[in-house]
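Per Swiss-Prot, Zn(2+) 1 binding site is recorded for 69, 71, 84, 87. Look at Swiss-Prot and you will find 460, 462, 464 tagged as Mg(2+) binding site. Here Swiss-Prot flags 808, 882, 889, 892 as Zn(2+) 2 binding site.
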């Protein structure tokens, strides 16, 4: 017996390893066929039997009934294989009607519309004609010259009827040959000699210099090579014979009313057959040319409509004016074959029902209604009933089950025991949306769900439904139990934190239980055991909140029990009792008021130190305790719990005064409208926060009153602070003031809502708030779809990313450090490196001890060593640098977040990454509406304060002292560092240009001391010398104009875009500084004092006045701020992973060098950078209106911004390389999610980036057959180069290119996967011509062809099968 067969008989789908797609030749089509369809008839309207030679002919396609010929002469199995001599039908199973094909011999050749119209058109590219011209020939509009003969006509020239006639008159009838229709195209394609053509194209490519021509040649050359390699013949793109698909796939069914419903394809086929038969008759009867030609055109159109209706001209429509569904439409889109039937199938043994909460279930259980269980487990019940002899036959068993006899229920109980079922809640956004549970039979009709798994399913009990699926085979049950059991999915795969976390009322109950009140009954009593305390509690000597002392035995590090006395309360001890005993889990973790965060932390600790079983038991008990006390606490809230602070009116009055002042400044012309708007918005933001803070203080301190049973703590406050429900944002609106509202476009309305919900809103306020609320509702509706689409694209691009080996052996890695923003450490280093592996040996900086070996996993204990060593950056391995040829290795990926151990081989990390990024996107878009449109925007940062006592260090300090003796920063990249006594960096702040420095290098500062301040709403332009102002190129009305503010009537001079006027095109508005002699002053960097002003700048000086150092000559207003929420965020994530050019993108410097402004070109400014190493200078052309952030003579580093904005990803890759690009994308994507408090591990984003960097673009072909500009897979490129070097040829060179995820998915190695994603026809056309082979490596293609996916258990089956095949080959 061969080794392969040891793994069970291989099904059909597993007997092949790859699939190849080709263009079908006419001979192939005939060989598939079982006969020619010559009649358009379908079935006889009286007998309902298929017509002979028609579209449903039984002779061609097989019998209609199993083992029965059409006339009924032969029936039953005994005659199988006989062909009836009367009706010609073979006696066999009727299933063959799904498999057997027919064909139609076409009377005239017809072009295949996919190769003609799918862009770029393959036929026209090969013939080097335009598509319009080819169409004109095919649809009988123009003739084409095939052989110019003795005439001066060109080969391939098009002629109309008249031109042809003229040419014939001029040169004679037989002097040249011109022809029309598909025949001539077929002939031209036949005449192509590919090997010769290839050489010609190669030669031409080397001599041509035009880029456009090169591109065209490369395209054609690529196509020619495809044809050569795939052994397709080009004339096969024109068809002589048309395949007819099996009749069962285009069925004709009888409806109740005696009418028929038919597939559109039948109608389309009928048209083809009718026109074909008519054409045959016309040719036979030698009809006039014009009639034959018209019929040929009609035939071409009929075949077009069959293949791809509507692709060319008007779509063929049925009687109800609906276009017919053609063969292409059957494959395309969500309802097409790929997505509807191959990737997603409806399954048997499933049911769905409403869910209700099941608080008494254990974590691994779910309640299944008896009715559902009976239906789902029917086959199992039948076999058991028969086995026990309760029922004699299956039929008897069936009757018993239908009658619901008592024995049936006993059998059901037994069948169901330990047989896991899968529960799924749509939408399944990540893998935790399907989990396995052991069913418990319950009465009623609703499924019971354990409360702790709701977070993973994102389920609530307001009418949600869930589906139940039954794993049937023993392997499926095993997988369900081992991988999918809810108890095995405690940690979230997105961030490695527990996802089985108490929520809502459990949190509230636990918070209430662990509160300690002052002056409770029996405060300070001592206890030594719990029974004693219960006694005291029962007799009302203490309450659960009384502060008491307690002697508790605790495990120390040596594992011995030691008694300790702790200050605690009875409630906290009850939680403490549930803790598993472990020296690492100390009582102090729960000896406090437990909020949701604390509980999550404790569950995490228990999981890390005590393992999974202990965690599950602990979580379950915690839940029971929480529910109990949430109930007995009797927490509820009423109107009086919403406290409106006394100080509210004072704050509002103060702010209104402030705003009056801004209005005044504005009317006096001191500030622009934009500045006023920003200041007003800021003032109100601050006011809202102050009111909210006062309200929080009042809520947090309970009112003193005389009722003995009065609730000691505000219920609303308790719900929010414990993390049970609601946020301070919402409470602020209940009792503070609602604050500023946003318009639907994200702009903030200047007048805030001063009332809160308790006082009630005025009509006007209500109207204003409706705006923002509506935005939330609309967002939710629109964004959910786009988020789902993003997830789908991510899954598609990453689906073939699988862990394929333990270690790829690379030495590369990436350097990570903590994320610092605004001087605060937002993400500590620890968070970024936990669960990754070290790329190099890591030593202690002081003692030089080895902390980590290269390739060692960084776990919690190693983290502590790294933190105590004070390391601030570390080299870790990353999927970006992994060198596995297919998939990724475990070491580069690191820890599998869902288990906390090193990731195992066969794990589908790509899909997990896609889900981790996509799932929160969907959640977040649904979350906007809870706040109801209240603007959430922090006041603008306008100063920097010291966050520590420290020493100041200033980097790139370039300062001038102005007339007020203030230090003004003149450098564009000034940074202020705070250092501790050892010189370690504690904080880093960017100080903007034009800021006032309040400290200097080397100063010692104390915490909260102000270090620098600036105007946050404008970018100033500052002088560094004193002198006299001279305006240049400021022409009133062309480059500058007085803008009079309507509200104030005060004019100010503003620079405007001058290119609308012919004489304005050359103007470059600038200010020059002159010395006393009238000469232009020279600055410290040796350049003249000229200040160029961008469009929109507001002048602060007059022509001819004297100014001093550090004065502001002009201000550039910043745009008014809009609120940031995930709606700004989700499109931002999409923009990043699609690698789109951002709107108003930044321009970055490609080298280190000095900046010079060159001569302008039309409406563009020219920025030149002279590199320090004296190489060629680089020019950048930027639109004039853009604000350039560098000045003439500034020194810029490689990668610095020259123009503000978001940089283009492709530029970062080109200039700074992969690591910087990856860091940037990770940082930007994380920033979006961090804003919403969502945690995603960096490695997931890195996986997606790796998939975006799969391709390289050839820059030099060397000795290989690659073409310059060709885009090819990284690994394929390496393989080709390895071959070339082996043969002693020069290897090709290429550069990495970044592709958006949509493009990357469409260009995967697998055409099946690409076709099922988008643009199905284009992908299949391309694949067929190139004769592509799909190796079936990813998940999607395997699902489509119906095999186990090569991930998880399927990965090992696949591996073992391949090994077995190898063994068999060796044995042979």
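Note: Cβ is positioned from N, Cα and C throughout, glycine not excepted.
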Distant-in-sequence Cβ neighbours of residue 87 (Zn(2+) 1 binding site), under 8 Å, six or more positions away: 52, 58, 59, 69, 70, 71, 73
Inter-residue C-alpha distance, residue 889 (Zn(2+) 2 binding site) and residue 84 (Zn(2+) 1 binding site) (nearest angstrom): 62
Cβ-Cβ neighbours of residue 71 (Zn(2+) 1 binding site) (radius 10 Å): 14
Of 69, 892 (the binding-site residues), the residue whose Cβ has the fewest other Cβ atoms within 10 Å: 69
Beyond the site residues 460, 462, 464: chain residues whose C-beta lies within 8 Å of the centroid, for Mg(2+): 355, 459, 461, 463
Same chain, 6+ residues apart, C-beta under 8 Å of the C-beta of residue 84 (Zn(2+) 1 binding site), given in sequence order: 69, 70, 71, 73, 74, 90, 91
Cα-nearest neighbour of residue 462 (Mg(2+) binding site) within the listed binding-site residues, 808, 882, 892: 892
Non-site residues, in chain order, whose CB comes within 8 A of the mean position of the CB atoms of 808, 882, 889, 892 at Zn(2+) 2: 805, 807, 810, 877, 879, 881, 883, 884, 888, 890, 891, 893
Among 808, 882, 892, which are recorded as binding-site residues, the nearest neighbour of residue 460 (Mg(2+) binding site) by Cα: 892
Count of other CB atoms lying within 10 Å of the CB belonging to residue 464 (Mg(2+) binding site): 17
69, 71, 84, 87 excluded, remaining Cβ within 8 Å of their centroid (Zn(2+) 1): 58, 70, 72, 73, 74, 85, 86, 88, 89
Euclidean distance between Cα atoms of residue 464 (Mg(2+) binding site) and residue 892 (Zn(2+) 2 binding site), Å: 41
C-alpha spacing of residue 464 (Mg(2+) binding site) relative to residue 808 (Zn(2+) 2 binding site), in angstrom: 46
Residue 808 (Zn(2+) 2 binding site) CB neighbourhood, other CB atoms within 10 A: 19
Rounded inter-Cα distance in Å - residue 882 (Zn(2+) 2 binding site), residue 464 (Mg(2+) binding site): 43
